[in-house]
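Undergrad: The following feature annotations were taken from TrEMBL:
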type: TRANSMEM; residues: 20-45; note: transmembrane segment
type: DOMAIN; residues: 38-286; note: domain 'G-protein coupled receptors family 1 profile'
type: TRANSMEM; residues: 57-75; note: transmembrane segment
type: TRANSMEM; residues: 95-116; note: transmembrane segment
type: TRANSMEM; residues: 136-160; note: transmembrane segment
type: TRANSMEM; residues: 195-222; note: transmembrane segment
type: TRANSMEM; residues: 234-257; note: transmembrane segment
type: TRANSMEM; residues: 269-288; note: transmembrane segment
Amino acid sequence: GNYTLLTEFVLSGLSNHPELQHLLFGTFCLIYTITIIGNLLIFMATVHPTLHMPMYLFLRVLSSLDISLASTVVPKMLVNFLSEDRSISYMGCATQLYCLIFLGATEWYLLAAMAYDRYMAICNPLRYAITMNSRVCHSLVLLSCCSGNVVSVVQTAWVFTLSFCGPKKINYFFCDIPPLITLSCTNTSSYEKQIITATVLVIFTPFFLILVSYACIISSILKISSAEGRLKTFSTCSSHLIVVTLYCGSGTLIYLRPKASYSQDAKKFLSLIYTAIPPMLNPLIYSLRNKDVKDVLTR
């Protein structure tokens, strides 16, 4: 039939209750501030000459990704809390989606590389310096970025080849795949199958590698004679696994069934778990519990 292609979208925001907008603005402004300050501190600490181990390169890159991921979603959300105009241009929506997928996929691959690094450090300490040399670590970071870029280009291009002919309101607080495909006036069944394949490649494959790495690490931990050493190493590993599991679980529920019949509030909550919460928690869990990092920050 006759229709006009959309040139912009309107984001509904995180909540439709006007009385909550200022409270939500203050809450997420605080979360964003903590995220930026925490990750900047880790970035500055890990460039210190004394922290030259491979794990600190990974932490530095992780901090950069977390700052970028939070900045892709949260500032626009904060503006929308206080603004009547919640529109976002067609190109702005495509750019936000590209950045979100690129940063999220890259971070998943990087987390898998970090898990492998910890496996080598704990399970093969005598070979660690040789195996995880500077060239290997930089190659893993580059491979993570390239893989994330490929996934993002394909996904974004695929979504925006769909026809959007109204309504233009996205019942979400940022441009993401599930709410966008519900606005399409073309058949999206083949694309939904492609999303499932991408979810397996981007989320499940790294998650499986992370689980295997930590299973080997925990096996080695149980062989440590010192109870204090076992407790310290296990505490660190369990914290990593909790965050990764939250990240994996929320991402899976969103993307594995893009048109699932969850309530819209549940979908928004799940989206917050993988866009706003991990970037705030990662500095604490991965870095600020590290003695060497704390010493550098103290100095």
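Using the three backbone atoms N, Cα and C, a Cβ is placed for every residue, glycine included.
Give me the local environment of each listed feature.
TA: Under 8 Å from some Cβ of the transmembrane segment (20-45) lie the Cβ atoms of residues 13-14, 51, 59-60, 63-64, 66-67, 70-71, 74-75, 77-78, 81-82, 276-277, 279-280, 282-284, 286-288, 293, 296-297, all in the same chain and six or more residues away from its ends.
Only residues 6 or more beyond the boundaries of the transmembrane segment (57-75), in the same chain, are considered here, and those with a CB under 8 A from a CB of the stretch are 28, 31-32, 35-36, 39-40, 42-43, 46-47, 96, 99-100, 103-104, 106-107, 110-111, 113-114, 117, 137-138, 140-141, 144, 173-174, 275-276, 278-280, 282-283, 286-287, 293.
If you look at the transmembrane segment (95-116), the same-chain residues 6 or more away from its ends with a CB under 8 A from one of its CBs are 55, 58-59, 61-62, 65-66, 68-69, 72-73, 76, 88, 140-141, 143-145, 147-149, 151-153, 155-156, 159-160, 174-177, 180, 202-203, 205-207, 209-210, 213-214, 240, 244, 247, 251, 274-275, 286.
Proximity of distant same-chain residues to the transmembrane segment (269-288), defined by a Cβ-Cβ separation under 8 Å and at least 6 residues beyond the stretch ends, is recorded for 14, 28, 31-32, 34-35, 38-39, 41-42, 45-46, 59, 62-63, 66-67, 69-70, 72-74, 100, 104, 114, 172-174, 176, 239-240, 242-243, 246-247, 249-251, 253-254, 262, 294, 297.
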Undergrad: List, by number or range, the same-chain residues at least 6 past the transmembrane segment (195-222) whose CB is under 8 A from its CB atoms?
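TA: For the transmembrane segment (195-222), the sequence-distant neighbours (Cβ-Cβ under 8 Å, at least 6 residues beyond its ends) are 104-105, 108-109, 111-112, 115-116, 118-119, 122-123, 151, 154-155, 177, 230, 233-234, 237, 240-241, 244, 248, 251-252, 255-256, 258.
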Undergrad: So which residues does the transmembrane segment (234-257) touch in its own chain, when a touch means Cβ under 8 Å and the partner is 6 or more beyond its ends?
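TA: Counting only partners 6 or more residues beyond its ends, the transmembrane segment (234-257) has Cβ contacts under 8 Å with 104, 108, 111, 115, 118, 176-178, 195-196, 198-199, 203-204, 207, 210, 214, 217-218, 221, 267, 270-271, 273-274, 277-278, 281-282, 285-286, 289.
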